[in-house]
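> My structure is below; once you've seen it, I'll send some questions.
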Amino acid sequence: MASPNRIPEIRKDTVNNRWVIFSPARSRRPSDFKSKSNLINPTSQPECPFCIGHEHECAPEIFRVPASGPDWRIRVIQNLYPALSRDLESSGELAGRPGGGSVALSGFGFHDVVIESPVHAVHLPDLDPVKIGDVFMAYKKRIEQLQCHDSIQYVQIFKNHGASAGASMSHSHSQMIALPVVPPTVSTRLDSMKEYFGQTGKCSLCEIRFDALLIDESIHFISISPFAATFPFEIWIIPRYHSSHFHELDGVKAIDLGRLLKLTLRKMNVQLNSPPFNFMIQSPPLQVSPTQLPYTHWFLQIVPQLSVVGGFEMGTGCYINPVFPEDAAKLLREVSISS
């Protein structure tokens, strides 16, 4: 329960260069934050194009795990309704069209889907850590393939779980979008981490003090509620030791990350009534200089969908969070999960 003496605070997120207002007066007790879940009912759609045996209904496959045979565990496919076109690169039509201060580029890029299980009703936290680790290694393999395209600068990995989190399919899957530009939030994060490194000579994520913010930890990772969490019950899973890019992940660390992600999602589901959520793997641009490596550090961000972004947030880029991270971390840390 939140302390009755809590007063509002404005905290600086030094990783994302963002201010967050913590306003306990706008909230009930943190323990009362339960999702009015609107998850798509998996039993209402027992089979779909992502299910095993329905491969012909999907967009073209890029690869599968295992690499051959009908009994796959993971498939990476093209998105049937891509945000960008992978067919524009050969035309060379990346010419800018300046006008009135605006610039337009042709919509080249890659938009892929990672089907995490062949079984419709099996969700990511239902998988064992090794199989979740296989999903991470599939992400890594696809990033390494996308690196071969010189014009691709950034790859965003994300998962939308639940209708209000943006999922149109209930079958467990995640997505990858490869861009020919570096998104502004990524550039801002890179600049902010550079500023901290310039002031301290240290990586801002390596230096996080997580005593009251810690949720769980494993051999290679920690899960925390960040000091200036943008959203209620936001969670970061961070490599304990400095790691610049997600695709540096190896098989052992992938399983360890799978184990911690599984535990974290199960705790979140118990405490918050299985909320819709998004997770994003926040990694730097594919090409960074050797001088940038000491302060670039990837992490996995989980955002349960418990609140609505309003006009103040959209107008200022400054968010109001009714739950102090220390309270969120305590409630999640104390959830008991049977193995």
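Note that Cβ sites are derived from N, Cα and C of the backbone, with glycine treated the same way.
Bear in mind that TrEMBL entries carry predicted annotations, made automatically and left uncurated.
So TrEMBL has the following annotated:
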- 8-183: domain 'Galactose-1-phosphate uridyl transferase N-terminal' (DOMAIN)
- CYS48, CYS51, HIS120, HIS171: Zn(2+) binding site (BINDING)
- HIS173: active site, tele-UMP-histidine intermediate (ACT_SITE)
> Between the Cα atoms of HIS120 (Zn(2+) binding site) and HIS173 (active site, tele-UMP-histidine intermediate), what distance do you get, rounded to the nearest Å?
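Between the Cα atoms of HIS120 (Zn(2+) binding site) and HIS173 (active site, tele-UMP-histidine intermediate), the distance comes to 10 Å.
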> What count of other C-beta atoms do you get within 10 angstroms of the C-beta of CYS51 (Zn(2+) binding site), across all chains shown?
18
> Could you list the residues of the same chain, at least six apart in sequence, whose Cβ is under 8 A from the Cβ of CYS48 (Zn(2+) binding site)?
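The answer is HIS54, HIS120, MET169, SER170, HIS171.
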> I'm trying to understand the geometry here, so how far is the Cα atom of HIS173 (active site, tele-UMP-histidine intermediate) from the Cα atom of CYS51 (Zn(2+) binding site), in Å to the nearest whole number?
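The separation of the Cα atoms works out to 11 Å.
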> Check the recorded positions HIS120, HIS171, HIS173 for other C-beta atoms within 10 angstroms of each C-beta and report the one with the most.
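Of HIS120, HIS171, HIS173, the one with the most crowded Cβ is HIS171.
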